[in-house]
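The signal peptide annotation in TrEMBL covers 1-22. The annotation domain 'MHD' is assigned in TrEMBL to 57-318. Per TrEMBL, the feature domain 'Cadherin' maps to 80-160, 161-269, 270-384, 385-489, 489-603. The annotation transmembrane segment is assigned in TrEMBL to 603-634.
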Amino acid sequence: MTIQQVLLLLLLWMWLPHPCHTEMLFRRTPDLRPKTFGGRASGNDGKAIHRQKRGWMWNQFFLLEEYTGSDYQYVGKLHSDQDKGDGSLKYILSGDGAGTLFIIDEKTGDIHATRRIDREEKAFYTLRAQAINRRTLRPVEPESEFVIKIHDINDNEPTFPEEIYTASVPEMSVVGTSVVQVTATDADDPSYGNSARIIYSILQGQPYFSVEPETGIIRTALPNMNRENREQYQVVIQAKDMGGQMGGLSGTTTVNITLTDVNDNPPRFPQSTIHLRIPESSPVGTAIGSVKATDADTGKNAEVEYRIIDGDGTDMFDIVTQKDTQEGIITVRKPLDYETRRLYTLKVEAENTHVDPRFYYLGPFKDTTIVKISVEDVDEPPVFSRSSYLFEVHEDIELGTIIGTVMARDPDSASSPIRFSLDRHTDLDRIFNIHSGNGSIYTSKPLDREISQWHNLSVIAAEINNPKDTTRVPVYVRILDVNDNAPQFAVFYDTFVCENARAGQLIQTISAVDKDDPLGGQKFFFSLAAVNPNFTVQDNEDNTARILTRRNGFSRHEISTYLLPVVISDNDYPIQSSTGTLTIRVCACDSRGNMQSCSAEALLLPAGLSTGALVAILLCIIILLVIVVLFAALKRQRKKEPLILSKEDIRDNIVSYNDEGGGEEDTQAFDIGTLRNPAAIEDKKLRRDIIPETLFVPRRTPSAPDNTDVRDFINQRLKEHDTDPSAPPYDSLATYAYEGNDSIAESLSSLESGTTEGDQNYDYLREWGPRFNKLAEMYGGGESDKDTS
C-alpha cells in the first residue's frame, strides 16, 4: 500500500463519528540519523495497517470533545519496535494533563482520557512519551513529543454582548437606511465545520425593519415612517450557527428603535380668528394676550417665530415670541384711547425657524391668523397739558402773586370738572398755594432765594365726580435773585499794627462776600466811614482792599486797640452797603515785623519764669494732690471700733446704731403675729452680746386666752422682763401697733385736742391776719358750740 493510500484512509477515518485509534511505533535505526517511527491505525474493518521504515514522525492524536460515555475515552496507542510483547518495556507519559487528564497503560501503551474535555477550555494538549527497560530503567527509545488535538462539536449557541440594544433613526428615512449593527459570537471552533458560522434573521419587527443575514445590520424596510404616528419599535434579532441550517443553535437579542423627529410638519393655528380685550388705561408694555400655533414636531423642529404682518394696529401693538412656551405675547406699543379708536385688527404669522430642505415639498412651514383687539372704556384720570411745568419768579414779589397756572382735562367723554391741589409733602413750609378751580399757583409766604433757590412742587388733579382718580405733575419754581443783601467781610480779621510801624505800611488785606448772585458777577467797593488820622483803606478794584497806616509809630501805653469802620458796597441795583469794623491791636514786633506781644500788662511784669521752673511747680502740685488722695483713702479704710468695749455689763451703756426701721415692709424687724397670737410665742432666747453670770432656766409663760387684750399682754411681758436679769434692758424694748395713753406728756397729736378738758384760747389766731381766720373760726367755734350744748 502506498503512502497516499494510507493518508486517504486516515482522512476518511477522521470524518467518522466514532473515536480514532492510533498507535505509535518506536524502532531503532543502525545509523546516526534521527529516530524514525512507524504507525499503525485501526480502520473500520478492524484490520491493522502496518507501515515500516517511514521517513516522517507521526506526532498528533485527535479527540472529540464532550465525550458522554461511562468508560474512559480511548485516545490512541503507543508502541515501540523494541516491544516483543514479553512485558520487558514500560511506557511513560508526561506533559499537559499526564497522569490526571490522560493516563497510559505502561505495558500496552494505550492512552485514555479520564474525563470529558471541552475544546473551548483548551484546544490541544502537548505530551511526551518514552519507552524504557523495565529491569534497567534505561530508555530503549528517545523521548518523543506528540499533540492531542480536541475536535470541536457544536455545543455553544451564539450570544450577543447586550441583551437589549437601543438605537434611533430619523423618521421619513428612505428604505435601506442603516439603523444599527448587532454582532453575536460563538465559542465553537470557526475553523472546523459550520459550528461557528452565524446567520442573522429578524423574528419581530417586520415589515418595518430588516436585517442582513451575514453582517447583522438592521435597516429600514418601509418608506416614510412617521414619528407622529408611531415613535417606538421593538425588533427581535436571532443569531443561528451551522449556517442557519436546521439543528443549529441560536440566540436572540432585543433592539428598541426610536424614530427621531424631523421638521416635516408646519405650524397650524387652531383658530382662524382670535378675539382679545384690553382697557384703554393699560400702560405701554402691558401684555394683552397670547396666540399659539401647534406643531406636531418636537424640539427645535417645533420652534416658531411670531410676527405681525398686516392690520390697522401694526404701530400700536407688538408681538414677542416666548421661547419656553412657544407662544406669541401681544403687548401694547403705544397708549390706547377708547375715545379715539375702539377696535384693532392684526394679522399674525407663525413660521418655523428651522426648516429642513428635504421636506419643502410638504408645503410652506408657516400659518396665519386674525387677531381682533377691542379697547374697553375706563374712567381715566385727568391729563395735564404738559408732562412738567417750570415757573420763574423774583424773590421780592408780593404775597398772593400768581407765579403760573397748570391746566388739566378729563379725557373721558363725560368731561368731568377738575379740582387742583398741592401735595403738602413737597411744600412743608406752605410757601405756595393753588386755586382749586383754575390751577393758578400763587405765593402765600415771602420768597428768599438765599434760603432756597428752587422749589419742587407736585400738583394733584382729580375729577370732582371721582376724586379717587388722580394725576400728578411736577412743578419746578425757580427763584430769581434780587439785590437785597449787603456785602460783608469774608472772614473775621485779627489785625495788629506794630509799635514801630511807619506811614503807608500794609497791615491787612480784606475781602467781602455777598449772598446775592447778580448776572454780571460780584463787584465790591471799600471805603472808610469817616476820615481816620491813623489808618486808611486803599481799594484794589478786585473785590479786595488794603489797610495802610497813615503815621509813624504807635504806643500800647497810650492806646492798645483801634476800631476802624469800613464801608463795603456793591454795584447792583438797588445798591446795598454795610459797615464792618476792624479791630486793630497795637503790638510789639521785632525788626522783621513779627508780632511778639500785644498786651499792655506784659510790660509791667518782671522777667517770666523759665520753663523748667514752671514744670517743677506743676510736679509739686501733682504730688501734693496724690498725697491728699491717699490720706483720705487710708482714713476711710480704717477699722471701726468694736461695739462692745469691755466685758462689763452693757445694760447701762447706750448703743447708737443709726439705723432706720424698714416700716411696714420690714418683715424681719418684728413678728406682729406674736402680739396677735400670744400662744404661738417661741421660747425666750438668751442674749448673744453678753455672757450671763447665772444661767437661768427659761420660764414658759402660760398662754393667755384668745380674747386677751393686747394691752394686758404687753404689760405682762414688761413685768416678766423687769424681773428677768437675762432679758435685754427695758430701754431697748420696741413695741409696734400700739400706742399707750399713760404717757406723762400725753399725746402730741392735735386730733385729740378737742377732748381735753383744759381751757385753751385761740383768739390770737385772729390777730395773725386774714390768712388765719379760718383756723380761728374752726377752733373758736368748737368751744362755743361745746358750751351751748
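Every residue gets a Cβ built from N, Cα and C, even glycine.
Nobody curates TrEMBL annotations by hand; they come from automatic prediction.
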Helix-strand-coil residue split for the domain 'Cadherin' (270-384), DSSP-based: 10 helix, 56 strand, 49 coil
For the domain 'Cadherin' (161-269), the mean pLDDT of the predicted model: 91
Three-state composition of the domain 'Cadherin' (80-160), taking helix and strand from DSSP: 0 helix, 36 strand, 45 coil
Secondary structure content, the domain 'Cadherin' (385-489) (per DSSP, counts of residues): 3 helix, 47 strand, 55 coil
Tally of residues which DSSP labels helix, strand or coil - the domain 'Cadherin' (161-269): 3 helix, 46 strand, 60 coil
